[in-house]
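**Q** The following block contains the structure, expressed as structure tokens.
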Amino acid sequence: MKTSQWIDISQPLNNDIATWPGDTPFSYEVSWSKENSGSVNVGKLTMSIHTGTHIDAPFHFDNDGKKVLDLDIQVYVGPARIIDVSNLESIGKKELENFHLEGVERLLLRTSSHGKANEFPDVIPHLRADIAAFLSEKGIRLIGVDVPSVDPLDDKELAAHHQLFKHGIHILENVVLDHVVDGDYELIALPLALTDADGSPVRAVIRPI
């Protein structure tokens, strides 16, 4: 039996990728070339943790919150379900009630609202705070979205961020889902082992189950 191929659902990181307005631009350069070193090329990377496909740790929005290395890495590996929630301004309990989510631990939402990694969106569909308790009741431990944030871009309260982690639900942002169909997959989206960080870039991949 042929094993299903892994599918990349990450935004490629390059010097053209969009960043949050005012945040650190992404930059990669060869700072020590083979010609200079005599043996190797050595690259230098500068970026915000919240550029491209990434996870949030509670420390991102709570000074007393857990940091990346405190998070349970088991959450970022395992079965996941992709569902389509396109053409919605916001997503909460009401919009998900008709989906079969029993037994789902990781849920990825396709909004198809913004597919340009090199342009930061002006507005995005966001999650309403009431989604957190609903997802928790279903046993979901991770929510993934194909936009830069689970909250509105100009929001300062970050109600969805706070409520999701209050209910034990981890956040994965900026996944790329327009090239995959709805259904069940195995997900790997492991954060780097960053001791004091408020988030981490990830290489998110899926394969059909």
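Glycine too: its Cβ is placed from the backbone N, Cα and C atoms.
So Swiss-Prot says this about it:
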type: BINDING; residues: Trp20; note: substrate binding site
type: BINDING; residues: His50, His54, Asp56, Glu173; note: Zn(2+) 1 binding site
type: BINDING; residues: Asp56, His161, Glu173; note: Zn(2+) 2 binding site
type: ACT_SITE; residues: His60; note: active site, proton donor/acceptor
**Q** Could you give the Cα-Cα distance between the residue listed as 'active site, proton donor/acceptor' and Trp20 (substrate binding site), in whole Å?
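**A** Answer for this pair: 14 Å between alpha carbons.
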**Q** What three-state secondary structure does DSSP assign to the residue listed as 'active site, proton donor/acceptor'?
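**A** The residue in question, the residue listed as 'active site, proton donor/acceptor', is helix (DSSP, three-state).
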**Q** Setting Asp56, His161, Glu173 aside, what same-chain residues sit with their Cβ within 8 Å of the center of the Cβ atoms that define the Zn(2+) 2 site, listed in sequence order?
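**A** After dropping the recorded site residues, what remains is His50, Ile55, His60, Phe61, Ser149, Val150, Asp151, Leu164, Ile171, Gly199.
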**Q** Reduce the DSSP letter at Glu173 (Zn(2+) 1 binding site) to three states and note it down.
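**A** Once the DSSP labels are grouped into three classes, Glu173 (Zn(2+) 1 binding site) ends up as strand.
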**Q** Binding-site residues His50, His54, Asp56, Glu173: which have a Cα within 10 Å of Trp20 (substrate binding site)?
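**A** Those close enough are His50.
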**Q** Show, in sequence order, which residues other than His50, His54, Asp56, Glu173 on the same chain lie with their Cβ within 8 Å of the centre of the Cβ atoms of the Zn(2+) 1 site.
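**A** Apart from the listed residues, the neighbours are Ile49, Ile55, His60, Pro148, Ser149, Ile171, Leu172, Asn174, Gly199.
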